Amino acid sequence: MTKPIRNVAVLGATGSIGAAALDVLARHPRQFHVSLLAAGQRVDALLALCRTYRPDHAVIGDATLYTTLRDGLNAAGLATKAYAGEAALAELVASTTCDTVVAAIVGAAGLHSTLAAARAGKRLLLANKESLVLAGMLLMREASISGAEIIPIDSEHNAIFQCLRSRTTDGVHRVTLTASGGPFRGHNRTMLAKITPTQAMAHPTWSMGPKISVDSATLMNKGLEVIEAHHLFGLPSEQIDVLVHPQSLVHSLVEFIDGSTLAQLSLPDMRTTLAVGLAWPERIGSGVQGLDLMKHNRLDFEHPDTETFSCLRLARDAMQTGGTAPAVLNAANEIAVSAFLQGRIGFLTIPALIEHALTTLPRYEADTLETLLTVDTETRRITHAALTHFPLPL
């Protein structure tokens with residue numbers, strides 16, 4: 001029997017993960033229809049995607065760009081309806097417009113639409129790690145109530161998901177997330193003090209956006225992923241390890257209590273995990289070639305240097321503290337990374353600002369969205385204010 005076409009919303013469509021998702025979707029027009037595209041401010045790029053994919057709806061996050069979007073769609077002769085703002089996106093995501101949501105909006109800005117998809121019982125391909133870090137308990141609770149199917153798109157969590165064939169962790173002894181080590185693996189703090197934004201965005205194996213590239217360079221990306229794994233799979237910190245694996249071919253390992261270890265290997269390309277999420281439990285072509293072990297025949301592993309790259313340690317500390325501490329970590333990191341990319345602070349000031357926020361703000365129970373958003377706002381305020389107290393980049 002022919003399966004119905006899945007209607008897919010791609011949030012963060014103009015970013016690197018959005019582009020990868022659309023590439024996979026375009027390969028399977030009989031299985032998927034792009035029903036909604038959403039972007040933050042890149043209205044021209046969103047219009048170009050609308051001309052290619054002809055979605056039913058398009059949303060621009062910046063409400064001041066609504067007229068540009070609407071007029072551009074009309075000029076192109078498209079029937080695509082234009083919307084603007086966070087509330088409009090959340091309403092569309094929760095409606096019958098889509099049954100599958102690729103949540104790839106970077107940062108806390110993606111939280112409302114991600115929660116809306118979870119509450120509405122959608123299949124949620126989760127690439128917005130900040131939603132789990134900021135509000136993981138709430139997100140997983142909403143998904144449990146509604147029956148939403150959360151499939152992680154980060155390569156590490158997707159690998160664990162595949163090894164477990166679900167999110168059930170019965171019989172698991174521990175999981176190991178791998179990290180490339182970023183472009184500065186082996187650097188000391190003296191060397192890191194001179195790092196520029198351009199250098200930090202030059203990731204050795206993955207093609208990613210600016211913010212995620214910097215997070216990878218500081219190892220904050222891996223710290224956030226430890227917190228994600230805790231929420232996604234219900235594992236305590238002591239059952240979540242991290243190893244640096246510069247080849248980025250082994251994406252995670254799952255060790256079971258019987259001594260067995262399963263690992264997922266593939267070339268570093270987000271289209272693989274997106275194809276898994278879109279078709280699961282079936283498999284579809286992603287456009288990614290299989291792994292040639294004769295060509296890629298070296299696999300190295302080492303422990304991360306958490307003294308030099310302290311963001312990973314700070315993330316673990318925030319997870320152990322619990323409550324609103326991960327929300328503070330996330331918000332302070334977003335402000336610090338943005339300031340670094342603007343050339344306002346040095347590379348080593350990123351963890352310093354995060355630690356300042358974690359030690360300054362009190363811990364509260366993370367039991368409501370209102371509490372989390374209040375803490376997020378306050379963290380951004382004090383981190384912004386602290387920027388002037390740290391030395392300028394060298």
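Glycine too: its Cβ is placed from the backbone N, Cα and C atoms.
The annotation in Swiss-Prot ties Asp154, Glu156 to Mn(2+), and of the candidates under consideration, Glu86, Glu225, Glu238, the one tied to the same site is Glu225.
For the NADPH site, Swiss-Prot gives Thr14, Gly15, Ser16, Ile17, Asn128, Glu130, Gly209; the one candidate out of Gly40, Gly147, Gly223 that the record lists there too is Gly40. Across the structure, Asn128 (NADPH binding site) and Asp154 (Mn(2+) binding site) are spaced 9 Å apart at their Cα atoms. If you take the Cα of Ile17 (NADPH binding site) and the Cα of Asp154 (Mn(2+) binding site), they are about 10 angstrom apart, rounded to a whole number. Within 10 Å of Glu225 (1-deoxy-D-xylulose 5-phosphate binding site), counting CA to CA, the binding-site residues Thr14, Gly15, Ser16, Asp154, Gly209 contribute Asp154. Taking the mean position of the Cβ atoms of Asp154, Glu156, Glu225 as the Mn(2+) site, the remaining residues of that chain whose Cβ falls within 8 Å of it are Lys129, Pro152, Ser155, His157, Asn158, Leu177, Asn221, Lys222, Glu228, Ala229, Ser252.
Around Thr14 (NADPH binding site), the same-chain residues at least 6 positions away in sequence with a Cβ under 8 Å from its Cβ are Ala39, Gly40, Arg42, Ala45, Leu46, Leu49.
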